[in-house]
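Undergrad: What TrEMBL shows for this protein is this:
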- 20-37: transmembrane segment (TRANSMEM)
- 47-376: domain 'Cation/H+ exchanger transmembrane' (DOMAIN)
- 49-65: transmembrane segment (TRANSMEM)
- 77-98: transmembrane segment (TRANSMEM)
- 138-162: transmembrane segment (TRANSMEM)
- 174-196: transmembrane segment (TRANSMEM)
- 208-230: transmembrane segment (TRANSMEM)
- 242-258: transmembrane segment (TRANSMEM)
- 264-285: transmembrane segment (TRANSMEM)
- 297-317: transmembrane segment (TRANSMEM)
- 323-346: transmembrane segment (TRANSMEM)
- 358-381: transmembrane segment (TRANSMEM)
Amino acid sequence: DFFTFLAIFFTGEESLPGGSIFGVVCLYFCSVIGGKIMKQIKIPGLPPLPPFLGMLFAGFLIRNIEYVSRVIVIEVHWGIIFRNIALSIILSLAGLGLDAKALNKLKAVCFRLCMGPCITEACSAAVISHFIMKFPWVWGFMLGFVLGAVSPAVVVLSMLMLQRQGLGVDQGIPTLLIAAASIDDIVAITGFNIFLGMAFSSGNIPTLIFRGLVEVVIGAGAGCLLGFFITYFPSKDQKSIVWKRAFFVIGLSAFSLLCSKRFGFPGSGGLCVIVLSFLAGMAWSNEKKAVQDVVTFAWQVSQPFLFGLIGAEISISSLGLETVGLCLSTMFLALMARIVATFLLVSFSGFHWKEKIFIALAWIPKATVQINQAVLLLFLLGKEWANSKISQQSKDTQERQ
């Protein structure tokens, strides 16, 4: 009761039903319960269902049950902050999970996978949406790069699980997919921002492309500086060094991701997080596993925020059957093009045909990156609509005068 009083005293109506803090807390606990229930469901002959499905479903129910959605309300900026914090933790886990030796061995195929599948899916989605959904080319490519990103929360966790079980480690498959999936997201975000700028600003195309390259350089440079910093600070002789290192990794990762979006360089944040955690993990060598365990625990705590908030973004009332059908068709065809391209790109790389199929199918998970891009796009569209309404009202006023 005392803590409830303090929360209401300092945050006011935000902690009461209908407030964002109240909504976030309720969503979190509902997502935890949904994850626990999903974990208990056993289907004979199949592996256990992942808890995040229950978390997604909990968020979906909260958004689409009328009475509940009126009580549990989360403002857009709160959702963005919590999603980005959770995303920064999973990206830092991705950086810590990279094996430098395997990465060096597979650098050629890794480079191909970083660029090829994403660009193939983006171009396929752009062409399909232009001719089927009648999108302008700029909006088609924007959609393509939204679809081109894979979900690091799903891919990275799955690969880390395989890594712990020793599956595919000799071939370097977990490291290859973690690195390629992480950088694939950077390519997708950069491409999305370039076409977003073309749609909403008057800047010329070379300037927008140059800006995308600048974001990559800033992200890599900042990641190197921060990675070098946490390699030597805190020093090895301090107590509870593992917890302090984990705190710095998580704190600087969240700081990098939030600041990159705040200062208008969203493509640099994710790359910065991956680089800083990768460099720090290389320097810590034998002690990296202990830090990784702490960051994994932090991810388990923050996971309900991410998937619960993603589920809460899906509103049935705003979906039309025809629109859903066209969207699913576009996504399916673009994904098929991506799977074929990925299979071809890993050919002649020494992998068994089953491993090639596994690598190609590992790109299917979506949502983590897409939801952030979709929210940004909706915000800009709402702003554009509001400006056009204000402009129209001012014109009407002038005409009446």
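Glycine is no exception: its Cβ is also placed from the backbone N, Cα and C atoms.
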Undergrad: Would the transmembrane segment (264-285) and the transmembrane segment (174-196) count as touching if the test is at least 3 Cβ pairs under 8 Å, pairs 6 or more apart?
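TA: The transmembrane segment (174-196) and the transmembrane segment (264-285): touching, yes.
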Undergrad: Short question: most Cβ pairs under 8 Å with the transmembrane segment (297-317), which of 20-37, 49-65, 77-98, 323-346?
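TA: Counting Cβ pairs under 8 Å, the winner is 49-65.
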Undergrad: How about the transmembrane segment (49-65) and the transmembrane segment (77-98): do they have 3 or more C-beta pairs under 8 A, pairs 6 or more apart in sequence?
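TA: With fewer than 3 qualifying Cβ pairs, these stretches do not touch.
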